[in-house]
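Enquirer: Just dropping this structure here.
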Amino acid sequence: MGFWILAILTILMYSTAAKFSKQSWGLENEALIVRCPRQGKPSYTVDWYYSQTNKSIPTQERNRVFASGQLLKFLPAAVADSGIYTCIVRSPTFNRTGYANVTIYKKQSDCNVPDYLMYSTVSGSEKNSKIYCPTIDLYNWTAPLEWFKNCQALQGSRYRAHKSFLVIDNVMTEDAGDYTCKFIHNENGANYSVTATRSFTVKDEQGFSLFPVIGAPAQNEIKEVEIGKNANLTCSACFGKGTQFLAAVLWQLNGTKITDFGEPRIQQEEGQNQSFSNGLACLDMVLRIADVKEEDLLLQYDCLALNLHGLRRHTVRLSRKNPIDHHSIYCIIAVCSVFLMLINVLVIILKMFWIEATLLWRDIAKPYKTRNDGKLYDAYVVYPRNYKSSTDGASRVEHFVHQILPDVLENKCGYTLCIYGRDMLPGEDVVTAVETNIRKSRRHIFILTPQITHNKEFAYEQEVALHCALIQNDAKVILIEMEALSELDMLQAEALQDSLQHLMKVQGTIKWREDHIANKRSLNSKFWKHVRYQMPVPSKIPRKASSLTPLAAQKQ
């Protein structure tokens, strides 16, 4: 009797000790934090002792091994730290004792992690594949949390690392293996690495069956068919996950099996087609109706799905599909085609006669426009002086600038030009006057000839005018080419300023050819249309037009 009592007491003592004892392990040179198996309020005092020597564990954080309340910290751990540690939770009314069995192992030279270093195995499936990092909640760590499988870093969009766990999308059997999490523990500014490994297994979700769910057709669906054409009806139903037994789909006509209905035109396919929808096993059955007739519209078509849970029925009826009015469609297409053709023709015509249309619109809508932009002139003419004189003693360029240009633009169109030599006051500083007049002009007309590359006055006016147009965006430039620069000297155009060359390439030039213009002062010529198009809207009535009124009065 005494022997049995002793045995029972021994078992109770062992089970009690085991209940309040915890196994912990780690690797050398890594951080290890152990929690006391006996829990208590945060205000309770917890004393730690090394059981073999009954020596108290210090609480000073400068020590490599120190106690911090319910936690025992090894920063870092050493193999010699292995042993049993005692923690005593002290309260005003009781004391509770717990034991922590700590084992520190040497780091493995190879990639294999022995079983005694593995944490509990977790399993996952296609819908649940979380792998938690063991004991991470005990540490003061920050992201990132690194994950490895069989010592290989995980890569790919299938692996998603969350705060303390790993999620694997579309889990497969090949995903089973040993997964290691690695993070950094921070203690008073010092960093210590921590690793933990656990196995992950993939399990197949158990199959299940459910009451049939018909995906198609919808209940009381009306399907439109064309008389004389073939029609197909599909009955599709799902029965659960995994292999399904005693599941079937079929069609009935007016409550009768297809084979018993006796209409050879209406037949269902031999066998059932298996498919999967959202992981569920489904069966499909197609009913084929050849040469649809009027009497087929009066029949009731039933899609039946049945298994061990029961029978579900969806009813379908046929209706005549309104014939397509091809004549109306052809008319609509024809009208749209004609409309698009007209638009294209109008666009082409407008593009061809855009300048004429713009000038006509100016004459009709706003023939004259007063501006308060601080400008005095509509255009400043930049041209080379001292040009080679013709046989009659007058320069062709100066004749064009001083005679033809003012006669057309000022007398016939109502513009105000500023021309060097004509609009300069006697005794006025030339440089100041040129710069002021250029800035007070809305357009800058450049007369381009081979002479411009050797003319200093032209170079200065060109620089000021281009600065206003390109840098200050205060005016626009009109380029008139009196002689093709490439005809006399291929290097002439290359000698121009880069900005002027850029304008010539971007907007082009208006070419004046005396030999090609019959009436040099006709507003209907192509040359003057392009010049007027690039000029602003006139601000006053042309001189010749305004002089007609007093002349007419005198005749009366």
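Keep in mind that glycine also has a Cβ here, set from the backbone N, Cα and C atoms.
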Enquirer: From 86-99, 114-127, 198-211, which range did Swiss-Prot mark with region 'Flexible linker'?
Expert: 198-211
Enquirer: Can you tell which of CYS133, CYS235 is bonded to CYS181 by a disulfide, based on Swiss-Prot?
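Expert: Out of the candidates CYS133, CYS235, the one Swiss-Prot links to CYS181 is CYS133.
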Enquirer: Would you mind checking which of CYS111, CYS235 shares a disulfide with CYS151 in Swiss-Prot?
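Expert: Disulfide mapping in Swiss-Prot sends CYS151 to CYS111.
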Enquirer: Are there residues of the same chain, six or more positions away from CYS303 (disulfide bond), whose CB falls under 8 angstroms from its CB, and which are they?
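Expert: Expected: ILE214, ALA216, PRO217, LEU233, CYS235, ALA237, VAL249, TRP251, MET285, ARG313, HIS314, THR315, VAL316.
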Enquirer: Same-chain Cβ contacts of the transmembrane segment (329-349) under 8 Å, 6 or more residues past its ends?
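Expert: Hits for the transmembrane segment (329-349): none.
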Enquirer: Please list the DSSP helix, strand and coil residue counts for the domain 'Ig-like C2-type 3' (212-319).
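Expert: Secondary-structure breakdown of the domain 'Ig-like C2-type 3' (212-319): 9 helix, 64 strand, 35 coil.
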Enquirer: Once the chains shown are all counted, how many other Cβ atoms turn up within 10 Å of the Cβ of CYS181 (disulfide bond)?
Expert: 24
Enquirer: For the domain 'Ig-like C2-type 1' (19-103), jot down how many residues DSSP puts in helix, in strand and in coil.
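Expert: Output for the domain 'Ig-like C2-type 1' (19-103) reads 4 helix, 44 strand, 37 coil.
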Enquirer: Relative to the Cα of CYS36 (disulfide bond), which of the disulfide-bonded residues CYS111, CYS151, CYS181 has the closest Cα?
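Expert: Closest recorded candidate to CYS36 (disulfide bond) by Cα: CYS181.
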Enquirer: Of CYS133, CYS151, CYS238, CYS282, which of the disulfide-bonded residues has the most Cβ neighbours inside 10 Å?
Expert: CYS133
